[in-house]
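Report on one structure; see the data block that follows.
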Amino acid sequence: MIETAIYGKTVDDQSRCVHWHLPKDVIAIRFKCCDKYYACFECHQELSSHPLEKYDLLDDANKHLIICGVCRHEMTFAEYYDYNSNLICPNCRSPFNPGCKLHYHLYFQNPPPAMC
């Protein structure tokens, strides 16, 4: 099986990057403009040469937009968000960073409100 690539200024093979590298920083997000997973918004901005285009969470509800950097399980936003309430990957149970919800607006159109 071919492993899905995660782009960015990564510092390990679990999607952590120079910008976000705490133990729970193990997701990457697909960008509509290039259809690639990047470790973070900053990595995309620094490494791509095209304007950012975000997926719309209403129109693209069935598209895999999030990938777990640990097991490479791809998720729709709804699947990620449902399990994110537990802050874990639904496949490998790796913990996710709860602070990611504060940045949904950087990655998606029509994001849910960030709740503390």
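Glycine residues also receive a Cβ, built from the backbone N, Cα and C atoms like all the rest.
Per Swiss-Prot, these features apply:
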- 10-94: zinc finger (ZN_FING)
- CYS17, HIS19, CYS40, CYS43: Zn(2+) 1 binding site (BINDING)
- CYS68, CYS71, CYS89, CYS92: Zn(2+) 2 binding site (BINDING)
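Locations of recorded Swiss-Prot features on the structure.
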residue: CYS17; record: Zn(2+) 1 binding site; Cβ neighbours (10 Å): 22
residue: HIS19; record: Zn(2+) 1 binding site; Cβ neighbours (10 Å): 15
residue: CYS40; record: Zn(2+) 1 binding site; Cβ neighbours (10 Å): 26
residue: CYS43; record: Zn(2+) 1 binding site; Cβ neighbours (10 Å): 22
residue: CYS68; record: Zn(2+) 2 binding site; Cβ neighbours (10 Å): 24
residue: CYS71; record: Zn(2+) 2 binding site; Cβ neighbours (10 Å): 15
residue: CYS89; record: Zn(2+) 2 binding site; Cβ neighbours (10 Å): 24
residue: CYS92; record: Zn(2+) 2 binding site; Cβ neighbours (10 Å): 12
- [ ] Compute the centroid of the Cβ atoms of CYS68, CYS71, CYS89, CYS92, then list the same-chain residues not in that set whose Cβ lies within 8 Å of it, in sequence order, for the Zn(2+) 2 site.
- [x] VAL26, GLY69, VAL70, ARG72, HIS73, PRO90, ASN91, ARG93, SER94
Task: Between CYS17 (Zn(2+) 1 binding site) and CYS92 (Zn(2+) 2 binding site): CA-CA distance (Å) - done: 21
Open item on the list: Summarise the zinc finger (10-94) as counts of helix, strand and coil residues per DSSP.
Closed with: 15 helix, 18 strand, 52 coil
Open item on the list: Taking 8 Å from the centroid of the Cβ atoms of CYS17, HIS19, CYS40, CYS43 as the cut-off, which other residues in that chain fall inside it around the Zn(2+) 1 site?
Closed with: GLY8, LYS9, THR10, VAL18, TRP20, TYR38, ALA39, PHE41, GLU42
